[in-house]
Amino acid sequence: MKYSVIIPAAGQGKRMKAGMNKQFLELRGEPLIIHTVRLFVHDASCQKIVLVANRDECVMMKTLMEKYQLSKVVVIEGGEERQDSVRNGLAYVEEEQIVLVHDGARPFVTDVVIKRLIHKAAKSGAATVAVPVKDTIKRVFSGKVIDTLKRDELWLIQTPQAFKAPLLKEAHKRALEAELIGTDDASLVEWLGHEVVISEGDYQNIKLTTPEDIVFAEAIMQEKERRKS
Ligand SMILES: Nc1ccn([C@@H]2O[C@H](COP(=O)(O)OP(=O)(O)OP(=O)(O)O)[C@@H](O)[C@H]2O)c(=O)n1
Ligand SMILES: C[C@](O)(CO)[C@H](O)COP(=O)(O)O
């Protein structure tokens, strides 16, 4: 099934504490964003990659796409919040298509996970990749536990998330009008009252957020290279 993907990469990477946008940090000698974009460049079903960059990083992103010969990529300007960046990206997506949203900071999603997700979204309209929570999760207030949540109902939500394009456009439009900000795109669709289906993900599909994630990322890359050879 054909699809387009929006890759928000217009953050600051503050929690990474690298003094620069983490998208440009190198993993195995190549910028993080290159690893992520390449996943979709090599997928024949992917029609268009909308790469959302900070205003002052658009030229750098375009130069990188040329340097690594990554086709199908349109670089556009992001917004203040991740949600603003995704909304800007939606303007470049055709109405009839399935659209994926995938964090620039998640370079390890696999083809299998992407295909399964698209299949689910084509049927239901909205789906997100997720994995079951492994730890016990408690709700805490003022340093005191107030509740222990039922673990078998809890999932860690990742990206990509996939939607019928008109549905995600409507969710973003309505969220903007209502001044609602969600930490992911699926939550906006949920808020519209539309069902979002879970699609099984992969624990290696980490988001590089804090410095220790670089260590995990290097280990995942090493393991992937070992399996290939
Ligand atoms: N205004 C924003 C904020 C975030 N993102 C992107 O959304 C993804 C997930 O966000 P996160 O991991 O939180 O990245 P940052 O916002 O860069 O990190 P931080 O919150 O630590 O500054 C990242 O690929 C990031 O570049 C974006 O496109 N536009
Ligand atoms: C979309 C996301 O990756 C799902 O886990 C996450 O919510 C992004 O959150 P962030 O605060 O922008 O890192």
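Keep in mind that glycine also has a Cβ here, set from the backbone N, Cα and C atoms.
If you check TrEMBL, you get these features:
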type	residues	note
SITE	Arg15	site 'Transition state stabilizer'
SITE	Lys22	site 'Transition state stabilizer'
SITE	Arg151	site 'Positions MEP for the nucleophilic attack'
SITE	Lys207	site 'Positions MEP for the nucleophilic attack'
Which of these recorded sites (Arg15, Arg151, Lys207) have a C-beta closer than 6 Å to some atom of ligand 1? Arg15, Lys207
C-alpha of Arg151 (site 'Positions MEP for the nucleophilic attack') to C-alpha of Lys207 (site 'Positions MEP for the nucleophilic attack'): distance in Å? 22
Tell me which recorded sites (Arg15, Lys22, Arg151, Lys207) have a Cβ under 6 A from ligand 2; sequence order is fine. Lys207
I'd like the number of other C-beta atoms within 10 A of the C-beta of Arg151 (site 'Positions MEP for the nucleophilic attack'), please. 12
When you measure from the Cβ of Lys22 (site 'Transition state stabilizer'), which residues in the chain that are at least 6 apart have a Cβ under 8 Å away? Gly11, Gly13, Met16, Leu32, Ala105, Leu208
Mind giving me a neighbour count for Lys207 (site 'Positions MEP for the nucleophilic attack')? Other Cβ atoms within 10 Å of its Cβ, every protein chain shown. 15
Give me the long-range Cβ neighbours of Arg15 (site 'Transition state stabilizer'): same chain, 6+ apart, Cβ under 8 Å, in sequence order. Thr209, Thr210
